[in-house]
Amino acid sequence: MTRGICILGATGSIGKSTLDVVSRHPDQFRIVALTGNHRVAEMQLLCQQHHPELVVMAAPEAAQQLRVGLGDAGLKKIQVESGPEALAEAARMSGVDEVMAAIVGAAGLLPTLAAVEAGKKVYLANKECLVMAGNLFMERVRQHQVTLLPIDSEHNAVFQCFADGKGVRRILLTASGGPFRTWPAEHLAVVTPDQACAHPNWVMGRKISVDSATMMNKGLEVIEAHWLFDLPASRIDVMIHPQSIIHSMVEYVDGSVLAQLGNPDMRTPIAHALAFPERMESGVSSLDLAHGPDLQFEAPDLQRFPCLALAFDALQAGGAAATVLNAANEIAVQAFLEGHLPFLRIAAVVEDTLGELQPAAPDHLDDVLAIDQLAREVALRHLARHGSGMQ
């Protein structure tokens, strides 16, 4: 029997990789629902390839444009909707068994929660769910007895090495260091968005590419790991590994260190999660250690990467600091991508917003959303002070 799958964020890099893996196993999966932001032409192509029952676009204009395109292509039977409620409905559709949660940013929280509350199996690629609302999110996962499998390559690697979690001393999340790891510090002042998005190893969207360049992405992953594996910040370390071959490690109290290795291709963790506890073909080429690059490791430079330090600070501060961190970072990164904020001022906007707001831990989802909105407003105010355009 095939398993019905909904892909939240189908036109993004994780969504496309998921569809690539799923298409290799048509006897196991059927595409029930796809969601996207604004890439109408790409979504129409996906519809022609996979014939979902439902498609949801972020905006009504994009949805209408897609309806016209699908009609012209003879695919009028595909239902097209738009907006946040339609996103949630896609995640909880009766024909959906499993949900790939791959919407980037805070926008992914509500539809992913809808999937959890509907009892779907959830593949979590949206780290903001745990960064913004970790306690509430995991509480819902336990309440609804949902199977939650991590998709981020680092957390998937830890999951594969973690076993039952007994005897774990610490986990080590690896990081490539991004495109600017070896750049002279004075050159960072004139970094452009295109340079920041040119990741040396991974193919990713623009927002997550900038987060990788600042190492905020690794900071968010530290917070995510805290909730996924129930470990304090003191037992989560970050190691720079420029080759992105070792995806993370788990150290045990007896001195053993288990590592998960593989070529840097998101189809590997996706296939692992989709097949768990079995294995399936992913299309990823075999790792050739004999002819590959030498493996290097170094500690992260927190002076060069202040966003990583800010994320650790937010996790240790508790309360809603991580929610504030995430909201301020989204505002700052978007401003950088639009040319309104220099690269080196991203961390300053986040730090100033964290310094101004110290809200208590949220008791309800509405509290999370209110804190997120307030943090965005405060970040915009600080952006006006720091944002002098590209230097």
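Glycine residues also receive a Cβ, built from the backbone N, Cα and C atoms like all the rest.
Model, not experiment: these values are computed from the prediction.
What Swiss-Prot lists as NADPH binding site is Thr11, Gly12, Ser13, Ile14, Asn126, Glu128, Gly205. Residues or ranges marked as 1-deoxy-D-xylulose 5-phosphate binding site in Swiss-Prot (evidence: sequence analysis): Lys127, Ser153, Glu154, Ser176, His199, Ser212, Asn217, Lys218, Glu221. Residues or ranges marked as Mn(2+) binding site by Swiss-Prot: Asp152, Glu154, Glu221.
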- Task: Quick one: of Thr11, Ser13, Asn126, Asn217, which of the binding-site residues has the smallest count of other CB atoms within 10 A?
- Result: Ser13
- Message: Show me the subset of Asp152, Glu154, His199, Glu221 whose Cα is within 10 Å of Glu128 (NADPH binding site); these are the binding-site residues I mean.
- Response: Glu221
- Distance, Glu221 (1-deoxy-D-xylulose 5-phosphate binding site) to Gly12 (NADPH binding site) (CA atoms, angstrom): 19
- Query: Listed NADPH-binding residues Thr11, Gly12, Ser13, Ile14, Asn126, Glu128, Gly205 - what's their greatest C-alpha to C-alpha distance in Å?
  - Reply: 18
- Message: If you count other C-beta atoms within 10 angstroms, which of the binding-site residues Gly12, Gly205 is the most crowded?
- Response: Gly12
- Intrachain C-beta neighbours of Glu154 (1-deoxy-D-xylulose 5-phosphate binding site), sequence separation six or more, cut-off 8 angstroms: Leu173, Thr174, Glu221, Ala225, His247, Ser248
- Message: Other than Asp152, Glu154, Glu221 themselves, what residues in this chain have Cβ atoms within 8 Å of the centroid of the Mn(2+) site's Cβ atoms?
- Response: Lys127, Pro150, Ser153, His155, Asn156, Leu173, Asn217, Lys218, Glu224, Ala225, Ser248
- Which of the binding-site residues listed here (Asp152, His199, Asn217) have a Cα atom within 10 Å of the Cα of Asn126 (NADPH binding site)? Asp152
- Among the binding-site residues Lys127, His199, whose Cβ has the fewest other Cβ atoms within 10 Å? His199
- Would you measure the largest Cα separation among Lys127, Ser153, Glu154, Ser176, His199, Ser212, Asn217, Lys218, Glu221 for the 1-deoxy-D-xylulose 5-phosphate site and round it to whole Å? 19
- Note on the structure: Asn126 (NADPH binding site) -> DSSP, reduced to three states, gives coil
- Residues with Cβ closer than 8 Å to the Cβ of Ile14 (NADPH binding site), same chain and 6+ apart in sequence? Met100, Ala102, Ala125, Ile151, Met266, Ile270
